[in-house]
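To start, the structure itself, in structure tokens.
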Amino acid sequence: MDYPGNLFVVAAPSGAGKSSLVKALMELDSRVQPSVSHTTRAPRGQEKHGREYFFVSQQEFDGMVLAEAFVEWAHVHGQRYGTSKKAIEDRIVQGADVILEIDFQGALQIKKVFANAVLIFILPPSWEELRSRLERRGEDSAEVIELRLRNAALEMAQAREFDFVIINELFERALFDLKAIVHAQRLKFAAQRRARADTFQALNIT
Ligand SMILES: Nc1ncnc2c1ncn2[C@@H]1O[C@H](COP(=O)(O)OP(=O)(O)OP(=O)(O)O)[C@@H](O)[C@H]1O
Ligand SMILES: Nc1nc2c(ncn2[C@@H]2O[C@H](COP(=O)(O)O)[C@@H](O)[C@H]2O)c(=O)[nH]1
């Protein structure tokens with residue numbers, strides 16, 4: 001399916017810095033809008049329902065799965081997370097660029113539905129730095145941090161399936177790379193849409 005807006009999907013092991021990078025990108029580029037996922041996990045710290053996530057019960061999540069309300073969903077770190085169709089479809093139909101911060105399972109599901117989705121994987125520079133970022137963030141218990149680090153190996157093994165890989169060592173450098181990818185892909189898709197429209201017109205295809 002083709003829409004006037006673009007879909008960017010950013011995945012990374014927990015703590016690699018994807019939320020920080022996506023937030024900084026959105027401050028620089030107002031055409032990029034976030035998708036707010038649903039999750040069964042409890043809110044952390046200052047998180048607000050409807051801002052970081054829609055925090056729902058297991059029953060509510062089950063209801064959405066049955067109603068086919070998700071474009072993708074997955075079990076991640078012992079919880080369920082999903083992107084609702086509502087979170088993205090209206091906006092890309094209206095021409096917005098939507099960015100999803102989701103895990104690799106969700107990213108690969110998205111690519112099956114939206115073949116033009118751009119998949120970007122963020123890697124930390126080392127295991128030591130990944131652990132240290134999770135510890136310094138101070139949002140998760142020691143058990144949760146260990147679980148996230150165990151899952152990180154499986155997640156990072158999927159990096160090759162992505163269209164682009166960014167190493168988030170120096171934050172500003174990684175942000176520059178993310179910005180450049182979004183900009184270049186946006187131009188590429190716009191040129192493709194124009195070429196297709198011109199050809200349709202030349203061939204009188206309505
Ligand atoms: N390049 C960087 N150098 C040092 N610290 C960083 C860098 N990028 C992000 N951080 C810090 O690392 C921590 C984890 O970043 P962030 O919360 O963005 O990760 P995440 O990949 O979104 O994790 P999760 O999937 O758990 O939400 C934060 O405290 C953030 O400020
Ligand atoms: N498949 C999906 N994964 C998602 C979605 N929203 C978030 N996530 C991923 O979950 C983990 C943990 O996030 P946290 O906020 O609890 O630290 C992280 O990898 C997210 O990218 C989603 O809608 N679908």
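Cβ atoms here come from the backbone N, Cα and C positions, even for glycine.
All annotation found in TrEMBL is predicted automatically rather than curated by experts.
As recorded in TrEMBL:
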- Ala12, Pro13, Ser14, Gly15, Ala16, Gly17, Lys18, Ser19: ATP binding site (BINDING)
- 5-183: domain 'Guanylate kinase-like' (DOMAIN)
Residues among the binding-site residues Ala12, Pro13, Ser14, Ala16, Ser19 that border ligand 1 - Cβ under 6 angstroms, in sequence order: Ala12, Ser14, Ala16, Ser19
DSSP three-state assignment (helix, strand or coil) for Lys18 (ATP binding site): helix
Close-lying binding-site residues around ligand 2 among Ala12, Pro13, Ser14, Gly15, Ala16, Ser19, where CB distance stays under 6 Å: Ser14
Neighbour tally for Gly15 (ATP binding site), based on other Cβ positions within 10 Å of its Cβ: 23
Coarse DSSP state, helix versus strand versus coil, of Ala12 (ATP binding site): coil
Most Cβ neighbours inside 10 Å, all chains, among the binding-site residues Ser14, Ser19: Ser14
Any further residue of that chain within 8 Å (Cβ to the Cβ centroid of Ala12, Pro13, Ser14, Gly15, Ala16, Gly17, Lys18, Ser19) of the recorded ATP site: Ile122, Pro124, Leu130, Arg133, Asn168
